[in-house]
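Record features (TrEMBL):
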- K57: ATP binding site (BINDING)
- 28-300: domain 'Protein kinase' (DOMAIN)
Amino acid sequence: IPGVGNLFPSKSHYYPFPTVKKTPHNAYTVEKVLGSGSFGEVAKCTKVGTNEIVAVKVMPKHQRAAAEDEEKALKHLCTLDPDKNNLIKFYESFTFKGNFFFVFEILDMSLFDLLDKLDWCPPSVAEIRAIAQQMLVALSALKSIGVSHTDIKSDNIMLVDHSSQPFKAKLIDFGLACKTEELSQYKTFQPVGYRAPEVHFGVQKYEGVDMFGLGCTLAHLFLGGHLFPIYSDYENVRVMVHLLGQPNKTEMKDPNQVEDTKAIQPADALKHTFINMKHLPKDGTSSYVTAAHKIMVSSC
């Protein structure tokens, strides 16, 4: 986006105005830009007076509608406990020089960054299980307030602190979140490669789209690569049909009629033996089982 690089003022460029925003309550000093994308930029900032480190996301003024939608979604999420439900903690939002700023807790790295750090060698199944459990808790919480994320992928799940809590994770980026009851108003959403069949085929959409996105994300971790092609709608659907088979007419007309064995809900998935590990031996002789339980306890 032209000019996005200047949304976060550097001390040299804007001197003597090193802070992003100064109000009677809060001011933030920019330390460094962490990343950028179509939405704008995210910077690591220090809260003046407390030295608390936070992440500040900025969206340019021409994205007013998107910024207002994200603010509405984030305020709705405030009814949930972010730590208990593995959601990023949102502190406040404000405008400055016409741009829109959102202040969040600082996290460590995304799952995409983790794979990159591992040279695309997959984490262990025990580690993936811990991430799956936490994201199922997050989706169960979103379901309880009637919200769908619609953009679940490895970039939007972050590790809190990979050093001290290696696989403690949180769901981030609610810029495309909406009320689940409004999903059918949107023709297309979710990134290619993580897009649910009902979105591809233009039939009734429901909260299962997030479960599909999570499944694709977990497969990405397990495989060290994308389960479905991300570069083409056609290739995505072709591979999906090859792997999963042709959708039947009932499912095409109403995804809510999908068999229970296929349309698993977050709360039900949390009871699955893969997550609760009830299928694993309990005699204490397996080093894998011991490690798996330790990873789960330290993460959840």
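Backbone N, Cα and C atoms are what each Cβ position is placed from, and that goes for glycine too.
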C-beta crowding around the residue listed as 'ATP binding site', within 10 angstroms: 23
The residue listed as 'ATP binding site' in three-state DSSP notation: strand
Averaged pLDDT score, the domain 'Protein kinase' (28-300): 89
